[in-house]
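Okay, structure first, notes after.
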Amino acid sequence: MAFKQLFAAISLALLLSAANAAAVIEKRATCSNGKTVGDASCCAWFDVLDDIQQNLFHGGQCGAEAHESIRLVFHDSIAISPAMEAQGKFGGGGADGSIMIFDDIETAFHPNIGLDEIVKLQKPFVQKHGVTPGDFIAFAGRVALSNCPGAPQMNFFTGRAPATQPAPDGLVPEPFHTVDQIINRVNDAGEFDELELVWMLSAHSVAAVNDVDPTVQGLPFDSTPGIFDSQFFVETQLRGTAFPGSGGNQGEVESPLPGEIRIQSDHTIARDSRTACEWQSFVNNQSKLVDDFQFIFLALTQLGQDPNAMTDCSDVIPQSKPIPGNLPFSFFPAGKTIKDVEQACAETPFPTLTTLPGPETSVQRIPPPPGA
């Protein structure tokens, strides 16, 4: 059975289970901290949670380590190729933790440059708590998201066996790849289509770049990198005017705001006829953003796994934080209006947004970790 068909079946089963919950007496295990879970094996993850919130995410911040932990999930998970397997070659294990187990190999791959730092930070937690690297990467990414206001409530399943060999190079999309290349890559990895590719890129709402422009570090993709909102989908459609640093770097195009970076792949996917309307659909539509990202993130972290053999430990993931009440879901940054939009969707008009008051928006870099 193809992965997406299997995943859809599991998702339906989960929905039916939830619908019948009122009629079923659920057996739950009580952990030593007094909290209850659906499976006793999940209790151990509360210790992991407390440890990483304090010692990796610095008290639950949506900062540099959170951003890189989310990035690590994608780079570990997408490294799987059924097409290579059909040719008799090893195509990677997907969400199996190979990027941590074989970090000396995989973090040297060009698209993974910079991930060696977060792998180095995460490894001691894996060793301390005796969990598998694949499960830990998936868990840390979800906890990181829970620290970012506006993020969906994430499901978490355990059961990823340790990888036995590194993923091959060339399976992680690059900022300079064409839209065709990236669509083909995600389709090979999990039969994801062009719309689901856009859903994946919602992660850039809480992300920054350290390795595209060597002259500047911690450059965000939008003006609200600490909030999981649709602002990324607004600002990628604004006309680029300048580079935040040296410019002329492979995979970089001009951005609309000082201090903000725009990678070529985001720019082209936002303007491609196959993806532009889905891209625009997230503008000022937080509920769609949350629902679609929740689905695609779970699907990604089960690539290469049998969902039927995994244990649901979603009870351990903290409740997501709401977006601050003083901020709209989407807006034009100060100094920008509808006239700055390079609209590519021909089907529907661009949503009506307000412009924030004040001088032109200048985006601040993501601060380094405390003590760095």
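Yeah, the Cβs are placed from backbone N, Cα and C, and that goes for glycine too.
Model, not experiment: these values are computed from the prediction.
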Same-site residue for Ca(2+) 1 (record: Swiss-Prot; known: GLY94, ASP96, SER98; options: ASP76, ASP116, ASP135): ASP76
Recorded disulfide counterpart of CYS43 (Swiss-Prot; options CYS31, CYS62): CYS31
Which range of 304-326, 350-372 is region 'Disordered', per Swiss-Prot: 350-372
Cysteine from CYS42, CYS148 that Swiss-Prot links to CYS62 by a disulfide bond: CYS148
Residue among CYS42, CYS345 that, according to Swiss-Prot, closes a disulfide with CYS277: CYS345
For HIS204 (heme b binding site): DSSP state (helix, strand, coil): helix
Beyond the site residues ASP76, GLY94, ASP96, SER98: chain residues whose C-beta lies within 8 Å of the centroid, for Ca(2+) 1: SER77, ALA79, ILE80, GLY92, GLY93, ALA95, GLY97, ILE99, GLY134, ARG160, ALA163, ALA167, LEU303, GLY304
Length of the line joining the Cα atoms of ASP222 (Ca(2+) 2 binding site) and HIS204 (heme b binding site), in Å: 8
Beyond the flanks of the compositional bias 'Low complexity' (350-361) by 6 or more, those residues with Cβ under 8 Å of it: 223, 234, 237, 257-258, 280, 283-284, 328, 330-338, 341, 343
Residue pair CYS313 (disulfide bond), THR224 (Ca(2+) 2 binding site) - Cα distance, angstrom, rounded: 30
